[in-house]
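Chemist: I am attaching a structure below and will ask some questions about it afterwards.
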Amino acid sequence: MASTPTPDAHSATPVIMDGWKTAAIPGAGGEKRAGGSRLLDGLNPQQRQAVEYRGQALLIVAGAGSGKTSVLTRRIASLLENREAWPSQILAITFTNKAAAEMRDRVRALVGQAAEGMWISTFHSACVRILRREAENFGFTKNFTIYDSSDSRVLIKRIIKEQGADVLGFTPANVSAKISKLKNELADVDSYARNANMDDPNEAAFLSIFRAYTRALTAANAFDFDDLIGQTVYLFRAFPLVAAAYRTRFHHVLVDEYQDTNHAQYALIRELTRPPAVEDGALVAAGNGASLTVVGDSDQSIYAFRGADIRNITEFEHDFPGAEVILLEQNYRSTQNILTAANSVIANNFDRKDKKLWTAVGDGEKIVGYTGYSGHDEAQFVADEIEKLHAAGTPYSDVAVFYRTNSQTRALEEIFIRSALPYRIMGGTKFYERAEVKDAMAYLVSVANPADTLALRRILNTPKRGIGPATETALFSFAEDNGLSFRDGMREATALGLGPKVTNAILSLSALLDEGAKLVAEGKVADVLSLLVTQSGLIEALRRSHDPQDEARAENIEELVAVAKEFERNNPDGELVDFLTEVSLVAAADDLDDSSGTVSLMTLHTAKGLEYDAVFLTGIEEDLLPHRMSASEPGGPAEERRLFYVGITRARKRLYLSLAMTRAQYGETAVAMPSRYLQEIPAELIEWRQSPGMANSRGGTQPRALNANRSGWSGTTGNALADRPLTEKRDWPNRITNQVRNNGDLELASGDRIRHTDFGEGRVQTVTGEGAKRIAHVAFDSAGFKKLLIKIAPIEKI
DNA sequence: CTCCCATCATTTTTT
DNA sequence: ATGATGGGAG
């Protein structure tokens, strides 16, 4: 097959880090070296076996921190180095773009140039690549749009409304979840219809929505996220010659994080690794299909809610008879204390294969526990500890704070800002999900794929140009009545007989898009975008707005233009659709920049696959760490436990577990209970700086902290907050920690005495930074040393 | 058609 | 507490 895969866009951000430099194991030096290859240097016997095994199917059960990326990259490198495969015959699939980029970099570090022709990508980008190439074969064109979940949501919402299904209790959220689930099971409208009970009005209504949604996608020449996988499988099954081409091409398929694959992804792997036979075509059965290597750890399966099927990994040997299974249990990441905690927690999941991580590095520090009065209190503890670590030489970038839900970031952020602690939130509302960025992207999409009515309707009145819902509907039915596409209907807007102002607005938008399309031919992605966002008045409108946030929005759009320029630089031959694809498929963990010198904040899900010297697990409370929603799901609590396990095993040297006695949610403050998982960690491993009292109260010795008198409650001493005068605590939980004050241009110099609402009196030691970012370093009389952002700290000079 | 205000639901995790 | 949504006035 003639193919020149474009280099992965993300390879532009090299993250060369061979974490296994430290993997030299005492005692392993005497092992014989197969082929004298440096690729086996520093590997333990199981790791070597995983690199060297050759067979049809290999399952590497890789515990957390057991060096699986190292094994995977060396395995690829050894295939290349021994001339067992050409780069183009290798397909490696990872979970995130970041993991793909890292893998490519590490293979490149091992074998150099040969790393270039390989396909190393996520399921989604690999499928997009295949689909773009083959789109014409089955009713799509190669410039199809990729709808992310919010796009699908918008479309579904519209359909629900059109069909009046909202009265039946259908919401965009539950419908899209159900459709997604079906697609992950490779069901389509027809197969669903065959099994549906049409006497059930609910089911009939759902089917009708599903059908309309599918039609709308096809009409818009668009795929949603799940289609990318499902349609590729369909393509392979419906067009054997196409499938055969890929089966012939890929001789080695490697899949990372196999425990998180869903049924559709499993089916895709199966299709790819089948022998390349065609019944009555040119090809004949030719022995074996591609060899398959999968790496995973069922204890780290945390995406069941999204359709990941843990059976894919637990039944691998059954699915692929003759498969070899290799266990990697030696951990090179964490201290023994951390691993013991992780092992004891995960041991409570009953239906798992026993697996115990161990390390040769020794016990290390104890795990530190802390119970705050409120989420803000907890956050203050985290901030203080991070400052201590930093003062002791741990760079901010080696510290991470994890939490179960995104809403927990609020308290952390407030405190971190006040403490002048540099931090970064991974995931959350992503850059590309911001409304203004999506608006700008919709302009580009409208140029690239004129059939995408969803994108067109999005920009029709953004910025405001007087085209309201009434006009939109008129335009829509006009196009329909005349057998025109929506886009062509815009061109003929004069025929609608609308007011001159509105007609003009439509025509000039249409003309602008045409102009953009002309420019696309010259391959200037950034120029096209720039033209669209300026000529449409999008940026101008934000600039003129009185909303103070709009200035930042305008900057975001300019940032997007900069991203497009960057894309052009990295991909000289890149087309508009390639840029759109790249933007559509970025993930939460992808924009992680290790060199940024900031503390990383992220959800436990985003944390998978990452590691830090010091890790803070926050909000270890009932209803939050087993999350309330998980209680009703079948396997929910077990999955939540795995999530906890994933979090624990991210830590190299230090692990902190924190919780709060009350937590604010929905603007209300509710009492919180310590998580049941805390008791699963042997008590001697945790040093409680301020204990929940409850960690052992279920055993029955100490009174429950939560029932005790607030002001009289005290955990262990030695902590600043616990030692604070009780009078200050009276207003707990909210008043103390939430306060922010605008100090304007308060001048402070070293030696000044100040009073802080929370920390009492103290003396300024130094002041650093400029203007709004001036930071006071203060030694408080009783609360210890703190950094404060002067502009907003609740302080006064005395 | 646009703007403003009141009401409402929202918070589990994401390729 | 905050952001989205819908109704009503201008």
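Cβ atoms are placed via backbone N, Cα and C, with glycine included.
Sharing the feature lines straight out of TrEMBL:
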| type | residues | note |
| --- | --- | --- |
| BINDING | A:Ala62, A:Gly63, A:Ala64, A:Gly65, A:Ser66, A:Gly67, A:Lys68, A:Thr69 | ATP binding site |
| DOMAIN | A:41-335 | domain 'UvrD-like helicase ATP-binding' |
| DOMAIN | A:336-609 | domain 'UvrD-like helicase C-terminal' |
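Distances, neighbours, how buried they are, the whole picture for these features please.
Modeler: Around A:Thr69 (ATP binding site), taking its Cβ as the centre, 21 other Cβ atoms fall within 10 Å, counting all chains.
Within the model, the domain 'UvrD-like helicase ATP-binding' (A:41-335) carries an average pLDDT of 85.
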Chemist: What three-state secondary structure does DSSP assign to A:Lys68 (ATP binding site)?
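Modeler: DSSP call for A:Lys68 (ATP binding site): helix.
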Chemist: Can you name every residue in this chain, apart from A:Ala62, A:Gly63, A:Ala64, A:Gly65, A:Ser66, A:Gly67, A:Lys68, A:Thr69, with its Cβ inside 8 Å of the center of the Cβ atoms of the recorded ATP site?
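Modeler: Neighbours within 8 Å of the Cβ centroid, excluding A:Ala62, A:Gly63, A:Ala64, A:Gly65, A:Ser66, A:Gly67, A:Lys68, A:Thr69: A:Val71, A:Asp297, A:Leu328, A:Asn331, A:Tyr332, A:Arg333.
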